[in-house]
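Now, the feature entries from TrEMBL:
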{"type": "BINDING", "residues": "C:98, C:152", "note": "substrate binding site"}
{"type": "SITE", "residues": "C:114", "note": "site 'Increases basicity of active site Tyr'"}
{"type": "BINDING", "residues": "C:173, C:203", "note": "Mn(2+) binding site"}
{"type": "DOMAIN", "residues": "C:198-409", "note": "domain 'Glycosyl hydrolase family 4 C-terminal'"}
């Protein structure tokens, strides 16, 4: 970090409804993170939203009186050029694609979820080539910048970047910070008095240690069968005997693996009732943009906090601050394994605690790997590796192997049939599978 | 091997219908494996069968004119004392227990199989303590003997012995030798002109290379969707696209994982038709013992070869010969991992090619690990490790974790309910789970 | 750390001349490290010094007005009982033994040094059994205490404790903090604005990165052939071409390996001139104790800072504070390797940067292992492992192997002759080698 | 191996005095290794010798009546084109360069030896670029051929090829086969009844197990302080106490490390007496070529067996036979580590027992790593890696680091001075260090 006169930040997918939170973060922490230029980039079809959210951003900055320039653009390369940080928050295929990711698997009796299982794989196939395209730009125009990736499936996207580009990249999820906040609220202490050890992959972690003011609270937390949770995954109680013998708090995403039958039943029920999470989110978004359009609004509206992605922007600003200042504090990030989990490949992305130095994050050794979790971590990582390579090469055989080896898919036959339907449905976004050079948004 | 005047061999479960094949092997290979004493041991309830098969063994030896003494006994310690090789082939709970292993999981919509899934776990819980008890005797009475273990689940039993005893032990399965024979028949060459590389666990391996007379035949074999097979697993065709992109021949046991839905359907159908494989085997066995009882029979009857366990005894005699003579030939065995598959623990049992030195088998480096297989291998190994420890400790929490993490079990709730029923049904053979010191048959 | 009403600290070798510095640290940092009881322990022959330094400690505490009780005792068990921290600073055989460690090797044309080479090995043979004896007491009387070990050779002692006891132990050296201080002085910045990455073993490390206020200064520092240094190792310039191609700052102890011929020549010269570092230190110590005896002295005298062991106590107090508060800051410590340097055994002690959590230090991944250093690190570690086992078992064969494989020893013959003389000279302190159960001071 | 009508073999350095032994091997084993074309290649200055030895080879073949064509050429590419096996036996700079390798280090008080220490490094710097040049030809003209490398330092050359080319290569040394022969003579058994386990690097191995007819003879062999030996390294007795506690037979090359002082003294004495091993070898060679010139000689002369390189050709023919037939027998070879010695890099060359399959050698797991040896192995490997990279890049800094870190070099200053003299003396053969593109013979 040598930008002495202030930082340039490019936000790809800047028209997102989350952007005001990010802007608020830049304003609040301007002293430690002196942003000079903030570039909000989006694609042509997102121009309306970019303008709404961009105007709000400008009003927020103006009110703050800080010397931050806000730029709105559809020229990604211009935004990236010379940036210190690039962050990405995008949805290739938008909410319609998400709807398909969630519904097609259900027809085959398989969990339909945005980031987990077949739905997550389709998202990866659509998203990874776009992210790598951004990396090509960064290698050329901002070779020393950090790419902070929020785009899901964040673990797979991060691993793809580690393997197929030279960009320095870190994957971020709001779940770890969510657990810290939830625990700090429960015990009425400041978040920095809670220390939790995370072990696993993105959306597939186990928490093996929770200290509150230096005292081990794992046993207490294991006694609470509600577990830790978030609004975007249905709440279901954990079996107490299971939780006790597991000796770790499972991520709420693990419900798709540990309660597959019940979660599937619930999804099918919603599906038959015509409930579609993607549609719900669409409506919430529309309401937010209506709010944002109010020319008198000059701050982040409260309603934003109720969305699933809470704390995303807080996590992002925290990370930028630590990288910029070399604070050597501990954050939970998606980074290259490099021996931290010795059973996984060196270049696998994992989600663990890291010390954030000004030379990048260093993963801390995990003090205990929950032995029960090893098989599932490896099984999902195998799927992830195959899916990443399928996304990059467009190799149908790899895609079959990825899906057939996913723990939630019951057989090779189902994998192949489901894949055929999903590829067809996503044809527009998967040029690599249809004999074309990828054309990105 | 210092037994200069001939070897002492103890066969635990000597009343098995397979014994005549083993005796035939000892007779045919007496020059390279000079057996002097053959002790057939069985438990009290097996005495009738022991006497029938033992008398046949004596008639076979007599006909051969070789100086082999055949001893029949229920005194296991006497048989083990000073032995050079101990082999085990047993079924704790006998065929009735197998029947339950195969049927109870079906009630929960889960594969019911003798060695794979919940059925295999129950077999492990019943069998491991008995095997460790034999090891205690060996440590005391025959500390330099080799234990050749055929008792299923052979991989788990071998790993339990590696971890919980000082006995030198090797696990054996007939599947690898079966592939060699099948390929040698297909190409009309001698078996020793076929070289196949096996990677994985017992009943969970992939064949990544098949050379016939030095020529790579993998592609040809991958084109055959019947795959390699055996009479004890239902025949089903592999999907050709899947097989091609897998780049390895899957063990026929892998059908339970790759074709779970179809295999389950077939099992349920059989079950509802009242077909019970354990009962079928029982009848076959009765017929064999009737044959064996004929005082004029002085050789292994042809009918024996039609049973599922073909080549078991051939594998055993081969292994004893190589250990005794230090032939340094290559056999596929279940041994401690020690870094061969770097993602698995050092002390995990694996099924791979080994050079058999007179100091024991040394696993060969695998030239290619099929990346698709890594996740499934780890997932099953995680289950195996938990189940082994559950078998040794009688810890219900470990048993829950083992079952809940088995890839064929759909949820924690199903795992716990199924476990409850299976523990109850096996109560007689699971003292470690019911507050008693294990009392072994 | 659950001692809510204040901490109990036991200092073994409390009569050391360094103790006032430690006491000063406890006084200055009492708010973050609320010491309630400070036990200074020493052996009978050290009673006079213990009383002198203990009285000074009491005067210092009294002046501070803090509620710290200072206890002086020769009853080690009483001091250890219920302690939160135990620190050790001792010299088995006192300065006379050091004199022999430094002079005997010279007769054989080998470097004579207190912690490096044959001298260091003799120190280890004398010291390790005593430390393990202290650990036995701790296991019984203070099982949750941390043992902070300053006793040289600190790396080997720490490894012996890791391997042969259950005590939680950390080894400490003043060299790393010395580099930080030296760099902070050079660049006129606060020490916490200097970040250096250390890789290697105790007294055998390389510094691969030095950031000053976030800027990489390695190149600048490599241009300075004086290197980083300390008063207890003779100053010699590094060859500039060597330093440039090494790409790391070598510890000043590495001069014994990289400049063996010149360092040896210098030692021989001093030896023939009758200069004896041990005698020099003796005199310095006597002067210090004279100062300490002054009943009007109520603070640490300035003269103490001129001794070689500068910053030792600062390092100790820093570490206790971080462990007690779980500050998660980074310190350079001697801890178990656990994969950090993948070429070394898991249980080897290494000297690297660690995050100090309230559950103990976690070693940070090293961002670059200087490839030139790998062989020397391994060679010295091999010697260390053999010497540790020799110290514990009294096995002469292991002692021969240790010395014969030390990089500074020219041949097996020299190793054996030198060992014979050194064992004889240290007979009194090496009961394990002379057929007696160790009797400790 | 698909050459159905017979094999083509190219011998680079075919004018060597060893060639008749190789030709004898091809004749004796023609049934299992059907050589059709034997190409002896040499450089222009070696043409006289090539013609002499080539004519003898032709007479030997003629006498055998076998259908082997012998070709003599200086056109290396023609010889390599379509070859099945390429073997190399060469001496870049010839015996004069060897004389310098052996004498220059002595001036600095350092061991002067052909393959060990500074002399070995100079040989590596001269030889590696030439071998890589041969590899370039093979990649183009014989991509499936095996390169059997006898050229010293064989371990380093093999590692250079592994790292910097795609050629399938194996390094060979006669020391392991020498131990087998020596032991088989001692115990009067056939060589194939001796099994020895080798651990280490080329010219730096330890023998950890010797079985004769299945019986462990290590203890007996350790009692013999003469050790195992060869004519090219001076005989010196091992210290019996050292040998006992080492628990392994050290290679005779290890005398340069374990008896450095005495070996150096002996070398200096010979040097001052004007004895020059290179000159001795020159004379022996001249005598051999005189013998070879005799048109009546039609077989390998007995005198050849007295040279140091005994069994080289036997080792070569054995290896070709096993590769060609896929015999799966065990040979001691220099191959890529791939985890066999876990403390060394994956791509380091090591000398261990391998199973020779028709797909290449697979290193066997070592059953015991002598812990004493680990440091020295790593130290020499560090030097080797640096020297290899210096040879390829011509980077003087790397050469300094390599030499300064060699265990036989006493200091950085000596390393740099000695390097300067040696580079200058080898200028003609080291274009990479003198600003020129390498021009190879």
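Counting begins at 1 with the first residue displayed.
Even glycines carry a Cβ here, placed using N, Cα and C.
Distances between the Cα of residue C:98 (substrate binding site) and those of the recorded positions C:114, C:173, C:203 are shortest for C:114. Using residue C:114 (site 'Increases basicity of active site Tyr') as the reference Cα, a 10 A cut-off selects C:152 from the binding-site residues C:152, C:173, C:203.
Taken as a whole, the domain 'Glycosyl hydrolase family 4 C-terminal' (C:198-409) shows an average pLDDT of 92 in this prediction. It is C:98, among the binding-site residues C:98, C:203, whose Cβ has the fewest other Cβ atoms within 10 Å in the structure shown. If you measure from the Cα atom of residue C:152 (substrate binding site) to that of residue C:173 (Mn(2+) binding site), you get 9 Å. Secondary structure from DSSP puts residue C:98 (substrate binding site) in a helix. Take the CB of residue C:114 (site 'Increases basicity of active site Tyr') and look out to 10 A: across all protein chains shown you find 23 other CB atoms. Neighbour count (other Cβ atoms within 10 Å of the Cβ, all protein chains): 28 for residue C:173 (Mn(2+) binding site).
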